[in-house]
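Novice: Below is a structure I'd like to ask you about.
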Amino acid sequence: MIPRSWLFCPGERTDRLAKAVAAADVAIADLEDAVAPDRKDAARKAVATALHGDPAAAARTWVRVNHDPADLAALAGLDFAGIVVPKAEPGIVERVAAATSVPLVALIETAAGLWAARELAAHPRVRTLALGEYDLAVELGTCPPDVDGAPLAWARARVVAAAAAEGCPPPPAAVSTVLRDEPRFRADTQQLGRFGFFGRMCIHPAQVSTVHEVLRPSDEEVERATKIVQAAEEATDAVLVVDGKMIDPPVVAHARRVAHLAGPERTRR
């Protein structure tokens, strides 16, 4: 299953890590931005201890590392979901891949990384891409995405297209600092879904439920998707018509995705 929500928590706060795993589809134990420089070593030890002590939670926990061999050394031999590589560029991803054996998410936050998006997506260890919009906006000299996301439209489309071109799952949308305006966060998440992102990286547990609700298909969408999937399964002709409209393979694929999101209880015929 493609995760709907990726919830960051500070690496040294393992109490929050347990809550993040309970709230979101996956948790991201953060050794990078969420940890002060003088707390990095303590955070490494805390994350390693937490992953070793709870295998079930570890299977749903990714770790965002620094560009520091000490982070990778602390994770050596542990079984967990994977590593989020910040400021991902081909050389950086290659170094992380050489030092580890888990899947990677390439978090694109630089112009060089954005330009190399397809190369990153093609790496055999990269599960999918993600976009770090705030750092990228600073490097490009655009306004922050929570002020106006339009300047990053091309970057968003490029990351989604690169992932699709290399057969990766759709990337999660970038984090948002909007915490007290749920309607705005909801609308932004819906818009990013229309760009082709699936789900979202979150920085607060309150954002997770909104992301899940946005991805929950409406009753009308489920009903139509169920009709299309059923018609496709029962079709004997090359041309498929549902409710007077011709249905081609991409429409069937979209209907299957909606049905998957809805779950068997809502699509039972």
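The first residue you see is number 1, and the count goes up from there.
Note: Cβ is positioned from N, Cα and C throughout, glycine not excepted.
Summarising the annotation, TrEMBL assigns substrate binding site to Arg64, Glu109. Residues annotated as Mg(2+) binding site in TrEMBL: Glu109, Asp135. The domain 'HpcH/HpaI aldolase/citrate lyase' annotation in TrEMBL covers 4-205.
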Novice: Tell me the coarse DSSP state (helix, strand, coil) of Asp135 (Mg(2+) binding site).
Specialist: helix
Novice: Excluding near sequence neighbours, so keeping only residues 6 or more apart in the same chain, what lies with its CB under 8 A of Asp135 (Mg(2+) binding site)?
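Specialist: Result: Lys87, Glu109, Thr110.
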Novice: Reduce the DSSP letter at Glu109 (substrate binding site) to three states and note it down.
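Specialist: The residue in question, Glu109 (substrate binding site), is coil (DSSP, three-state).
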Novice: If I take every residue in the domain 'HpcH/HpaI aldolase/citrate lyase' (4-205) and average their pLDDT values, what number comes out?
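Specialist: Over the domain 'HpcH/HpaI aldolase/citrate lyase' (4-205), the predicted model scores a mean pLDDT of 96.
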Novice: In sequence order, what residues of the same chain, 6+ apart, have a Cβ less than 8 Å from the Cβ of Arg64 (substrate binding site)?
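Specialist: Arg64 (substrate binding site) has long-range Cβ partners Phe8, Ile28, Ala29, Asp30, Leu31, Glu32, Asp33, Ile83, Val84, Pro86, Leu107.
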Novice: I want to verify one value. Collapsing DSSP to three states, which class is Arg64 (substrate binding site)?
Specialist: strand
